[in-house]
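Per TrEMBL, the feature domain 'tRNA methyltransferase TRMD/TRM10-type' maps to 1-224. The S-adenosyl-L-methionine binding site annotation in TrEMBL covers GLY109, LEU133, GLY134, ASP135, TYR136, VAL137, LEU138.
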Amino acid sequence: MRIDILTIFPDFFGVLDISLLGKARERGIIELGVHDLRDYTHDRHRTVDDTPYGGGAGMVMRPEPWGEALDATLTPETVVIVPSPAGVPFTQAAARELAQEKHLVFTCGRYEGIDQRVIDYAADTVRVREISLGDYVLNGGEVATMAMIEAIGRLVPGVVGNPESLTEESHENGLLEYPSYTKPSTWRERSVPPVLLSGNHKAIADWRYEQQLERTRRVRPDLLPDGE
Ligand code: 6GU
């Protein structure tokens, strides 16, 4: 998979050199390009924003640098991801779908957003997804892009060594994860639930499923079908 990021804060993405994604890049599974939007400006001040037509607070990103940046980056196979609090909620299902794509381009907007014509222009030629991380506001798309790349990147085939570790997590079966324990079996007078030491695989699987249900009912009842 190839991922390109368009941003006015390219330094933000230095952390993608390390950890799991860094290894995937070294192994050639994921290719990453980070591009400074200001490289596509032509004025002395490298201007990327201006006041909104119709008035109102804040600044809007001008379309010209975005147009040139997209022209230099898009291919017919690209999916453009526009991080925005006004987008469709990001989910594990969305991450799974996007992990199958060949090329993702993240457009990190700042200020009050990007001139809408940029998004409409891109949507004329490629698939565009406006995606939100949740019901709160970030200053720009950079942190949201980082979160999405981490969620998507670890689902790209070959990135995580043991693919089974991906199927037992929160959200993969529609429920929150069961609690985990490791050695020692007693720590500060707290013991590990005895069933986990029993060697009875069926009993352990049943207990873990019950824990998933109990936790989901308690903290995320919205994830359960009605009546559970
Ligand atoms: Cl994707 N972007 C911004 N700027 N704010 C957000 C968001 C995205 N998701 C939640 N808040």
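Numbers run from 1 along the shown chain.
Glycine is no exception: its Cβ is also placed from the backbone N, Cα and C atoms.
Remember, it's a predicted structure, so these values are computed and weren't measured experimentally.
Summarised as a single figure, the pLDDT of the domain 'tRNA methyltransferase TRMD/TRM10-type' (1-224) averages 95. In this structure, TYR136 (S-adenosyl-L-methionine binding site) belongs to neither helix nor strand by DSSP; it is coil.
Residue environment of TYR136 (S-adenosyl-L-methionine binding site) contains 7 other Cβ atoms, counted within 10 Å of its Cβ in all protein chains. Taking Cβ-Cβ distances under 8 Å and a sequence separation of 6 or more, the neighbours of LEU133 (S-adenosyl-L-methionine binding site) in its chain are PRO83, PRO89, PHE90, ALA144, ALA147, MET148. Fewest other C-beta atoms within 10 Å: among the binding-site residues VAL137, LEU138, that description fits VAL137. Look at the Cβ of each of the binding-site residues GLY109, GLY134 and count the other Cβ atoms within 10 Å; the largest number goes with GLY109. Its Cβ placed at the centre, ASP135 (S-adenosyl-L-methionine binding site) has 7 other Cβ atoms within 10 Å. In three-state terms derived from DSSP, GLY109 (S-adenosyl-L-methionine binding site) belongs to neither a helical nor a strand segment and is classed as coil. Whole-number maximum of the Cα to Cα distances across the S-adenosyl-L-methionine-binding residues GLY109, LEU133, GLY134, ASP135, TYR136, VAL137, LEU138: 17 angstrom.
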